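Peer 1: Pasting a structure below so you can have a look.
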Amino acid sequence: MRIGILTGGGDCPGLNAVIRAVVRTADGRYRSSVVGFRDGWRGLLEDRKVPLSNDDRIDRILTRGGTILGTARVNPDKLKAGLDQIRQTLDDNGIDALIPIGGEGTLTAAGWLAESGVPVIGVPKTIDNDIDCTDVTFGFDTALSIATDAIDRLHTTAESHQRVMLVEVMGRHAGWIALHSGLATGAHLTLVPEVPFDVAEVCDMVKKRFQRGDSHFICVVAEGAAPTPESMTLREGGIDEFGHKRFTGVAQQLGAEIERRIGKEVRTTVLGHVQRGGTPTPYDRVLATRFGVHATDAVHRGDFGQMVALHGTSIELVALTDATRHLKTVPRERYDEAAAFFG
Ligand SMILES: Nc1ncnc2c1ncn2[C@@H]1O[C@H](COP(=O)(O)OP(=O)(O)OP(=O)(O)O)[C@@H](O)[C@H]1O
Ligand SMILES: O=P(O)(O)OC[C@H]1O[C@](O)(CO)[C@@H](O)[C@@H]1O
Ligand SMILES: [Mg+2]
């Protein structure tokens with residue numbers, strides 16, 4: 001068998017571990033070969049690929065962040081218009097099955113290829129942890145560790161200066177990184193995209209904390225968090241060429257508003273892409289490796305149109321259509337758990 005593999009959407013620690021696991025399992029268990037398409041769906045549209053051999057080089061990518069295949073975003077309409085080209089590339093390269101590794105966009109495209117008859121098994125990735133039907137995605141644990149370390153450090157400097165510190169973490173539609181890093185570091189407030197915040201309430205919380213004699217205030221803000229429309233207006237950033245909302249820096253704008261309203265000194269840190277770079281944690285290496293092994297097994301069983309997923313401690317398959325119907329956002333009760341520690 002000849003398997004095609006690609007990585008789509010934002011990169012994520014653990015992508016290389018999946019690629020390695022697919023190559024090793026395909027060769028070692030089934031004597032199958034693997035071809036990597038470069039830069040996500042673009043590689044399939046432009047027939048740019050690289051053969052991946054089960055050798056020492058592939059073995060060493062286990063611990064490396066990023067993706068050796070490169071990744072890219074392609075406007076979904078252009079992708080849809082390129083379906084015939086994608087089929088042609090798969091035919092020209094004798095590809096029997098495709099393993100796309102990506103987030104909700106890549107997996108939606110994978111589901112849509114599967115419906116049109118292309119044999120596909122998806123692998124979910126994202127630091128945001130917002131893919132439904134899997135307990136967790138690899139990349140999340142690494143991003144959470146990086147955010148936790150950064151916020152721990154902000155606590156000590158905030159305390160020394162009696163400051164309000166806002167720290168913006170990634171989380172476009174889902175506040176998992178914010179929720180967990182806030183809980184792990186004992187943040188005094190966490191703002192997530194799922195629950196609009198009221199600026200007056202935030203200011204009140206900050207004021208009360210300092211009135212009580214506490215030394216500092218740490219607030220974790222997901223990049224996709226937004227105020228209630230009546231409490232504050234965020235700058236508009238529009239939509240980029242791939243259909244994604246452009247963020248304008250919610251933490252920085254909230255910080256300015258807190259300073260203006262209550263005169264407290266505020267500092268803002270935006271962690272940005274640091275959260276996505278570098279070596280995956282052991283947890284993410286293991287999960288990514290298991291996903292790669294199970295995706296390769298599924299391909300050889302002919303279980304197509306599905307995605308590997310973690311359920312408890314087992315790796316199982318779920319239909320791509322089910323996994324991409326909704327994003328896995330933070331449920332209100334999970335946010336309320338964290339709220340017990342606010343203020
Ligand atoms: N609704 C869709 N239908 C078909 N293809 C899509 C759709 N949404 C996204 N895609 C394709 O999948 C690619 C990757 O999607 P996207 O940029 O959202 O990254 P992702 O895989 O969701 O990862 P991330 O977590 O970084 O968002 C897009 O550039 C586009 O080519
Ligand atoms: O790398 P880019 O295109 O700036 O994408 C950033 C987005 O990708 C993610 O890291 C993963 O979806 C989001 O948290 C973030 O908004
Ligand atoms: Mg996406």
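Note that Cβ sites are derived from N, Cα and C of the backbone, with glycine treated the same way.
Per TrEMBL, the feature active site, proton acceptor maps to Asp128. Taken from TrEMBL, the feature ATP binding site applies to Gly10, Arg73, Val74, Gly103, Glu104, Gly105, Thr106. As annotated by TrEMBL, Mg(2+) binding site applies to Glu104. What TrEMBL records for Thr126, Ile127, Asp128, Arg163, Met170, Gly171, Arg172, Glu223, Arg267, His273, Val274, Gln275, Arg276 is substrate binding site. Residues annotated as domain 'Phosphofructokinase' in TrEMBL: 2-298. The annotation site 'Important for substrate specificity' is assigned in TrEMBL to Gly105.
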Peer 1: Using DSSP with the three-state reduction, classify Arg73 (ATP binding site) as helix, strand or coil.
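Peer 2: Looking at the DSSP assignment, Arg73 (ATP binding site) belongs to neither helix nor strand, so coil.
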Peer 1: Please check the binding-site residues Gly10, Glu104, Gly105, Thr126, Arg276 against ligand 1 and give me the ones with CB under 6 A, sequence order.
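Peer 2: Only Gly10, Glu104, Gly105, Thr126 meet the Cβ criterion.
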Peer 1: How big is the substrate site in terms of the longest C-alpha to C-alpha distance among Thr126, Ile127, Asp128, Arg163, Met170, Gly171, Arg172, Glu223, Arg267, His273, Val274, Gln275, Arg276, in angstrom?
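Peer 2: Greatest Cα-Cα span of the listed binding residues: 33 Å.
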Peer 1: For a Cβ distance below 6 Å to any atom of ligand 2, name the recorded positions from Gly10, Val74, Thr106, Asp128, Arg267 that qualify, or say none.
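Peer 2: Near the molecule: Gly10, Asp128.
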Peer 1: Near ligand 3, which of the binding-site residues Val74, Gly103, Thr106, Arg172 are found, taking a Cβ distance under 6 A to any of its atoms?
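Peer 2: Correct list: Gly103.
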Peer 1: Out of Val74, Met170, Val274, which of these binding-site residues shows the lowest number of other CB atoms within 10 Å of its CB?
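Peer 2: If we count Cβ atoms within 10 Å for the binding-site residues Val74, Met170, Val274, the smallest count is at Val274.
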Peer 1: Near Gly10 (ATP binding site) in space, meaning Cα within 10 angstroms, which of the binding-site residues do we find among Met170, Arg172, Arg267, Val274, Arg276?
Peer 2: Arg276
Peer 1: Among the binding-site residues Arg73, Arg172, Arg267, Arg276, whose Cβ has the fewest other Cβ atoms within 10 Å?
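Peer 2: Counting other Cβ atoms within 10 Å of each of the binding-site residues Arg73, Arg172, Arg267, Arg276, the minimum falls on Arg267.
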Peer 1: So what's the mean pLDDT when you look at the domain 'Phosphofructokinase' (2-298)?
Peer 2: 97
Peer 1: What is the Cβ neighbour count of Gly103 (ATP binding site) at a 10 Å cut-off, with all protein chains included?
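Peer 2: Taking all protein chains shown, Gly103 (ATP binding site) has 23 Cβ neighbours within 10 Å.
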Peer 1: From the Cα of Thr126 (substrate binding site) across to the Cα of Thr106 (ATP binding site), what is the distance in angstrom?
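Peer 2: Computed Cα spacing between Thr106 (ATP binding site) and Thr126 (substrate binding site) is 11 Å.
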Peer 1: Could you round the CA separation between Arg73 (ATP binding site) and Val274 (substrate binding site) to a whole angstrom and send it over?
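Peer 2: Rounded to a whole number, the Cα-Cα distance is 20 Å.
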Peer 1: Rounded to a whole number, what is the top Cα to Cα distance in Å among the residues the record ties to ATP, namely Gly10, Arg73, Val74, Gly103, Glu104, Gly105, Thr106?
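Peer 2: Those residues reach a largest Cα separation of 14 Å.
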Peer 1: So among Val74, Gly103, Gly105, Asp128, all listed as recorded positions, which is physically nearest to Met170 (substrate binding site)? Use the C-alpha atoms.
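Peer 2: Nearest candidate: Asp128.
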Peer 1: What's the most sparsely packed of the recorded positions Glu104, Asp128, counting other C-beta atoms within 10 A?
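Peer 2: Lowest Cβ count within 10 Å among the recorded positions (Glu104, Asp128) is Glu104.
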